[in-house]
Amino acid sequence: MAPKTIIEKIWDAHTVIGEEGKPSLLYIDLHMVHEVTSPQAFEGLRLAGRPVRRPDLTFATMDHNVPTVDRFNIQDQIARKQIETLEANCKEFGIEIAGLDSPNNGIVHVIGPELGLTQPGKTIVCGDSHTSTHGAFGALAFGIGTSEVEHVLATQTLWQSKPKTMEVRVTGELAPSVSAKDIILAVIAKYGVDFGTGHVIEFTGEAIRSLSMEERMTICNMSIEAGAKAGLISPDSVTFEYLRGRPNAPKGEAFDVAIQQWEALATDAGAVYDRVLTMNASEIEPMVTWGTNPAQGTGVSQVVPSPDDAKDENERRAIKQSLAYMGLEPGTPITEIAIQHVFIGSCTNSRLSDLRTAAELIKGRKVADGVRALVVPGSQQVKRAAEKEGLDEIFKEAGFEWRDSGCSMCLGMNPDTVPEGERCASTSNRNFEGRQGKGARTHLVSPQMAAAAAIAGHFVDVRTFQSEPQTV
């Protein structure tokens with residue numbers, strides 16, 4: 001038998017019907033549902049008189065529209081309707097839901113892993129583009145549209161064209177204060193927002209292996225920003241230890257058996273990818289996006305580029321348009337860009353380790369005058385754990401707002417938005433025009449970089465900032 005990549009192994013194991021050159025019917029192991037992309041899907045089932053095929057393989061939560069202050073008092077009529085509709089649909093169709101009053105409520109891509117629902121070798125879908133987050137566990141996880149949500153609810157299967165395979169090999173060792181977020185931003189800045197189109201990416205190399213599970217989730221979360229169908233990392237001992245004891249993970253001897261099965265998922269020696277790209281981690285510095293797509297980013301020691309630096313006319317126009325929207329001048333040092341807002345949260349960087357990293361840098365310091373800074377845990381479970389460690393007090397004493405969980409300022413679908421023309425250092429995953437509110441200017445950064453910007457009032461090189469004296 002020819003050597004296979006992990007991508008091919010999972011695909012082949014889940015193919016119900018498949019023919020070379022034609023779409024395959026894939027079996028879906030886990031379907032996660034939220035309030036925004038599911039209402040029409042459930043209504044389609046209702047009109048057709050169909051039940052949910054496998055409610056036991058379906059899990060729901062609400063996150064996009066949830067207020068992070070006074071979360072039970074939802075002022076927006078559409079948001080309130082979507083949340084109420086999800087609750088009613090889950091009750092009618094027998095689906096487990098982590099509602100607003102649940103201790104397990106949170107962002108769908110945070111609670112799936114922490115509850116042990118996400119496991120190696122699974123096919124996982126959700127009506128959300130950042131479903132790729134779950135690929136950090138060695139799962140084939142990708143976002144789907146509302147009509148596909150209905151198809152999975154009805155059949156527990158999905159027609160999909162087989163993707164090409166890609167390896168992104170990250171060699172070397174990260175410098176201190178350089179993070180997983182910087183890796184993925186650097187990869188996208190180097191290769192662009194479409195290099196992954198038509199592919200599923202496997203991230204490999206010693207720099208990837210050295211990351212924690214939460215850091216790996218950050219990497220896979222943003223694989224969609226490279227245009228990829230999904231991104232994943234082969235499971236290893238780090239994966240297994242994270243899953244051990246999780247509520248929905250196998251227990252006892254079953255867990256030992258599962259580990260043997262999960263270990264067999266690793267890409268075979270000699271397996272051939274359709275494309276291979278490389279990145280040296282030791283060359284990566286803390287990253288900041290300056291434009292309106294995730295590829296428009298650079299190291300913190302650099303300057304805002306000029307349209308004259310473009311390699312072709314299309315890129316020149318794109319740079320010019322982005323600079324106009326962002327209100328930036330070519331040649332401006334990144335460290336001279338002032339910010340008015342800081343957001344530490346989202347399905348990219350709202351886990352406990354992200355909050356610990358930010359709190360460590362913030363402790364004993366104060367948020368700069370004129371800066372509004374928010375910390376939004378990715379789940380109620382993360383929030384409780386952070387409060388148990390006293391992280392909330394560190395943030396509040398520094399002048400940050402400490403919130404309940406939710407998608408929050410990542411997108412302008414809830415009360416947490418950035419005013420028009422103002423600038424935000426954000427740990428989220430997208431910096432498109434209007435993403436955080438009409439006219440909002442978003443700079444994507446790591447939690448460390450966001451925390452440092454909150455204190456300084458502008459971007460700073462976190463590598464040297466950490467050594468500066470703290471106030472008492």
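Cβ atoms here come from the backbone N, Cα and C positions, even for glycine.
Features reported for this protein in Swiss-Prot:
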{"type": "REGION", "residues": "289-312", "note": "region 'Disordered'"}
{"type": "COMPBIAS", "residues": "290-304", "note": "compositional bias 'Polar residues'"}
{"type": "BINDING", "residues": "Cys347, Cys407, Cys410", "note": "[4Fe-4S] cluster binding site"}
- List the other residues in this chain whose Cβ sits within 8 Å of the Cβ centroid of the [4Fe-4S] cluster site residues Cys347, Cys407, Cys410, in sequence order. Asp63, His64, Ile107, His130, Gly345, Ser346, Thr348, Ser350, Gly378, Gly406, Ser408, Leu411, Ser428, Asn429
- Note on the structure: If one takes Cβ-Cβ under 8 Å and requires six or more residues beyond its ends, the residues near the region 'Disordered' (289-312) are 185-186, 188-189, 191-193, 222, 225, 318-323, 325-326, 328-335, 337, 429-433, 442-445, 449, 459-462
- Please report the number of other Cβ atoms within 10 Å of the Cβ of Cys407 ([4Fe-4S] cluster binding site). 30
- Task: Tell me whether Cys410 ([4Fe-4S] cluster binding site) sits in a helix, a strand or coil according to DSSP.
- Result: helix
- Query: Residue counts in helix (H, G, I), strand (E, B) and coil for the compositional bias 'Polar residues' (290-304), per DSSP?
  - Reply: 0 helix, 4 strand, 11 coil
- Within 10 Å of the Cβ of Cys410 ([4Fe-4S] cluster binding site), how many other Cβ atoms can you find? Include all protein chains, please. 29
